[in-house]
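A quick write-up on the structure given underneath.
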Amino acid sequence: MKLSPVYIVLISWIHLIAGQALPLIDSVCLAVQRQRLECQVHRVETADGYRLSVHRIPAPRHPRCASLQLRPFLLMHGLLGSAGDFVTGGRGRSLALELHARCFDVWMGNARGTTYSREHRSLATSDARFWQFSWHEIGIYDLPATVDYVLARTGHRQLHYVGHSQGTTVLLVLLSQRPEYNARFTNAALMAPVAFLKHLSSPPLRLLASDSSGVTMLLNTLGLHELLPATSLTQVGGQYFCSATLPTYALCTLFTSLYVGFSDYPLDRNILPRILQTTPAGMSRRQLQHFGQLINSGQFQQYDYRSPRLNALQYGQATPPSYQLANVRLQLQIFHGTRDVLAIQADVQRLVRELRNSRTQMYQVPGYNHIDFLFAITAPQMVYERIIQQAWQLDATSTAADG
């Protein structure tokens with residue numbers, strides 16, 4: 001019996017029932033304010049009506065930073081994540097806080113359907129139509145709306161971008177489909193990039209992809225369109241089940257490692273409960289199904305409606321088209337870990353080959369799994385410093401181009 005798909009679906013159903021009555025806490029701003037920093041929340045509406053929250057940590061207000069005229073950073077989370085991914089570790093550990101300490105204006109996106117982006121101009125989250133999206137729509141609607149808003153608010157013509165996991169996927173979607181957006185990015189850092197998934201070896205995710213029809217049937221039976229949403233139950237659950245002092249802590253870390261890989265850098269025993277305050281942040285069933293299609297097809301392509309007729313209506317052809325990665329024309333830093341079971345080296349190398357019109361620097365990080373780029377104690381030295389140094393160099397050499 002295949003337990004993993006059933007587990008995900010049932011946990012989603014329990015979350016919806018148990019946690020829907022109580023209000024959620026903005027754990028992102030709490031984490032930022034705990035460091036005595038300013039946290040802002042901006043509202044952005046997409047062209048198709050989704051209302052997104054974008055968290056911001058403004059650049060420090062002192063003359064040294066003001067004189068530098070640095071471009072802003074936009075950080076985009078992965079599947080089931082949120083802006084919380086970039087602040088959870090605290091000062092000296094989290095990417096957003098490291099960037100702020102180096103004088104950058106930091107913006108953090110929240111994709112549609114996640115904890116802080118659950119509104120629409122006309123649809124409620126109880127309406128199945130609200131959830132009719134994949135990460136494709138996040139790429140062609142959410143990301144450009146957020147980019148345009150950040151540039152308009154800051155007065156810059158370009159920004160720096162960092163994506164993790166699905167946050168890399170949506171950037172590739174945007175630039176493949178709307179190549180004019182290349183001009184709005186100075187550069188981008190892709191941490192644990194997800195595009196080609198042919199060699200993915202995460203046992204639960206491989207299992208989920210192998211039984212996609214069974215999962216779909218179960219979801220239809222339960223009427224579920226949203227999976228693993230954040231609730232008041234999940235926001236406090238980490239303290240009760242995954243605290244370092246509890247015997248269940250080992251089970252929490254084992255379950256996590258089965259999904260993302262067994263790292264050579266064990267998590268700080270105190271950070272897992274904090275991670276679970278903001279993760280999972282929810283996703284649509286179609287996001288999961290679309291990733292499953294990439295695993296099974298080995299291609300980086302648009303959503304397959306599993307019907308030649310429906311595909312033809314949507315795309316003008318019987319099969320979903322591949323994303324045109326030749327349209328991506330950016331300076332890219334690509335980071336992947338040797339212990340990552342989602343972004344496997346062979347698939348990352350294929351991605352680099354397909355990005356033939358981009359200037360790519362690929363960094364292999366020994367011992368890192370899929371989430372070490374966010375939470376490993378060594379990430380500031382092994383990853384973030386490279387990102388910061390490149391941004392500083394680019395801004396120092398081309399300040400005039402940004403007005």
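Any Cβ shown, glycine's included, is placed from N, Cα and C.
Among the features that TrEMBL reports, active site, nucleophile is placed at S165.
Within 10 Å of the C-beta of D340 (active site, charge relay system) there are 29 other C-beta atoms, taking all protein chains into account. The active site, charge relay system feature in TrEMBL is assigned to D340 (among others).
The active site, charge relay system annotation in TrEMBL covers H370 (among others). Around H370 (active site, charge relay system), taking its Cβ as the centre, 26 other Cβ atoms fall within 10 Å, counting all chains.
Feature annotation from TrEMBL assigns domain 'Partial AB-hydrolase lipase' to 34-89. For the domain 'Partial AB-hydrolase lipase' (34-89), DSSP puts the residue distribution at 8 helix, 18 strand, 30 coil.
Positions annotated as signal peptide by TrEMBL: 1-19.
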C-alpha spacing of D340 (active site, charge relay system) relative to H370 (active site, charge relay system), in angstrom: 5
Spatial neighbours of S165 (active site, nucleophile) that are distant in sequence (at least 6 apart) but have CB under 8 A: H77, G78, L79, G81, M191, A192, P193, V194, L342, A343, H370
